[in-house]
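A short worksheet on the structure shown next.
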Amino acid sequence: MAWPYFLDCDRFFVSDQEGCYDPLSQLRARQEVLFTNISDTPSTLIRFTYHSNAQMFSILKKTAAKCSHISRTYSIGRSVEGKDLLVIEFSDNPGQHDLLEPEIKYVGNMHGNEVLGRQLLIYLAQYLCSEYLLGNERIQTLINTTRIHILPSMNPDGYELAASEVADSNDPENPYQEGHMLNGWTSGRGNAQNLDLNRNFPDLTSIFYNRRRFRRFRSDHIPIPDSYWASQVAPETYAVMKWIRAIPFVLSASLHGGELVISYPFDFSRHPYEEKMFSPTPDEQVFKLLARTYADAHATMASNNTDRCGGSFANKGGIINGAQWYSFAGGMPDFNYLHSNCFEITVELGCDKFPSEEELYPEWLRNKEALLSFMETVHRGIKGIVKDENGNGIKGATISVKGIRHDITTAEDGDYWRLLNPGVHIITATATGYSRVSKRIRLPRNMVMAGRVDFTLKKVPVEPNWDYYNIPELDNYERFDPYNQFEKYSQAELAENGAERVEKPWWWAYFTQTGNSAPTWLLKNY
């Protein structure tokens, strides 16, 4: 008789007569061959193939080693199955926040079966390193003036499941072939807990809508309600939330697949029973500019003659308000905007969620300029430092723009960045215990770098109830995981010899997806 298909052959003693069938053996063999072909240092020539999680980690670490003076890798946490959520950073001072240097992030593979973004970000990391070393002035300027963080895979567990099904569907002996084009509209989308990570963030948009009735409501840095922590929070979601809170990101893009369009917040409709309702943020014009920057630089996204995978976005220039497309709560872009200073858009890269390898290079050519142009957009608007009379930076000071009911706050050293469209703006800086200072500025259309607007605030007595009326629930903003339920996910568990924790076997996800208790008795010495 044959051994049950879901058991890991390497962990059990089986006779030759019984056999042990491993449905992923062909996939693993191909991945091992590809892995051995990776050179010690990445060459300028990028290999436009798919990469397993192990190969991705290796490429990112070797790329960072080759460009160690401008790059490093770090982990923001672990997936359900123990895989690192590995980030590669590019900066002229890696590992440190430089005064007045904006920070941007790219997040790929949030849905495990949407893999093109994951590959593009791996290629982007190699491209940035190689072009910097080759003396490309554009890339050198970008890295020397910007701190760039790239997370190619937010959902490595889901990717493994999706990749295994693609391998099976392309087996010539498989009578039920689907191939790349039809694969994976559900398989591998969620994490190993079968949670959709783009529905797993706190629903701060509903809080925003409820607060609009108040005259002096605050629509930024909304605290995470304690009730959220009673729900099932994925370790991947937890890690990204901590990441967002730890670094003063200004701009972000999340790369998805299944359509060819850029969507921007809000993703949740202002009327909960309307599935397709235009629901703008106070920064509608800024978000439209950001979305158009990527769409216009993309080879086909803004074209009127492009097949839209069933959607009708060509007449919109390849961009759309998220809730007007379809409404959902708990999305990552809304969380970025309402909980931090970060503006995030969603980039839908194409109809095919898991394209064939032959399509990877053409897709890189279509997206390369858009990826670079979007990063350069972080330098639009204004930047500056808010100081006291002694020249010390004021952390947590508020920067307001007249006519836009969404403020941003200063970072640790008092520096800030405020994305703005060209035009005339009135900017106000305030802080608890300090005076209020306003300035009128004009941003010309041809401005390519952020304008410098500094503020010096004087100490004044705190007005009664000032905090209550202007920053309600300010103290609650620091409450994160108040019952310390999820901190374990952000800790790297190490073996005695210092090696990373052994990952669960490949079949583990089949049990966790059913919602039942995983059969730990099947594991040997785990």
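Glycine residues also receive a Cβ, built from the backbone N, Cα and C atoms like all the rest.
According to TrEMBL, the features are:
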- 49-378: domain 'Peptidase M14' (DOMAIN)
- Glu348: active site, proton donor/acceptor (ACT_SITE)
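Around Glu348 (active site, proton donor/acceptor), the C-beta neighbours below 8 angstroms that are at least 6 residues distant in the chain are His256, Gly257, Gly258, Glu259, Leu260, Val261, Ile262, Ser263. A strand conformation is recorded for Glu348 (active site, proton donor/acceptor) in the three-state DSSP classification.
Taken together, the residues of the domain 'Peptidase M14' (49-378) have an average pLDDT of 92.
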